[in-house]
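Listed in Swiss-Prot for this protein:
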- Asn26, Gln28, Glu33: Ca(2+) 1 binding site (BINDING)
- Asp63, Asn65, Asp67, Gln69, Glu74: Ca(2+) 2 binding site (BINDING)
- 8-44: domain 'EF-hand 1' (DOMAIN)
- 50-85: domain 'EF-hand 2' (DOMAIN)
- Thr5: phosphothreonine (MOD_RES)
- Lys22: N6-acetyllysine (MOD_RES)
Amino acid sequence: MPTETERCIESLIAVFQKYSGKDGNNTQLSKTEFLSFMNTELAAFTKNQKDPGVLDRMMKKLDLNCDGQLDFQEFLNLIGGLAIACHDSFIQTSQKRI
């Protein structure tokens, strides 16, 4: 039986595979696939953005090899960054309660 961490890793892989490949290459997210992922899986984050260009800038910043697509490692950089931001927010909130 997989551990909680192993299940999380499996879920990340499954989500990446769910969105990649619709435009042809199943090892990368195209810009369209990235936008679909963001608007579906991270809808609360996307809806709270006041700047309509934020997703385009995120894609460019995450696309380290500048090929116009996100591979799995670049995708994980997004997930890691969001996890760090959420963790920091959680820590700040819990410290205010003390």
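Glycine too: its Cβ is placed from the backbone N, Cα and C atoms.
Closest to Asn26 (Ca(2+) 1 binding site) by Cα-Cα distance, out of the binding-site residues Asp63, Asn65, Gln69, Glu74, is Gln69. Cα-Cα distance from the residue listed as 'phosphothreonine' to Glu74 (Ca(2+) 2 binding site): 20 Å (rounded to the nearest whole number). Geometry remark: Gln28 (Ca(2+) 1 binding site) versus Glu74 (Ca(2+) 2 binding site), CA distance 9 Å. DSSP gives Gln28 (Ca(2+) 1 binding site) a strand state. Taking Cβ-Cβ distances under 8 Å and a sequence separation of 6 or more, the neighbours of Asp63 (Ca(2+) 2 binding site) in its chain are Gln69, Leu70, Glu74. If you check the binding-site residues Glu33, Asn65, Asp67 against Lys22 (N6-acetyllysine), the ones with a Cα inside 10 Å of its Cα are Glu33. Taken through DSSP, the domain 'EF-hand 2' (50-85) splits into 23 helix, 2 strand, 11 coil. Annotation note: the residue listed as 'N6-acetyllysine' sits in a coil segment as assigned by DSSP. Glu33 (Ca(2+) 1 binding site) and Asn65 (Ca(2+) 2 binding site) are 18 Å apart (CA-CA, integer value). Summarising model confidence by region, the domain 'EF-hand 2' (50-85) averages a pLDDT of 95.
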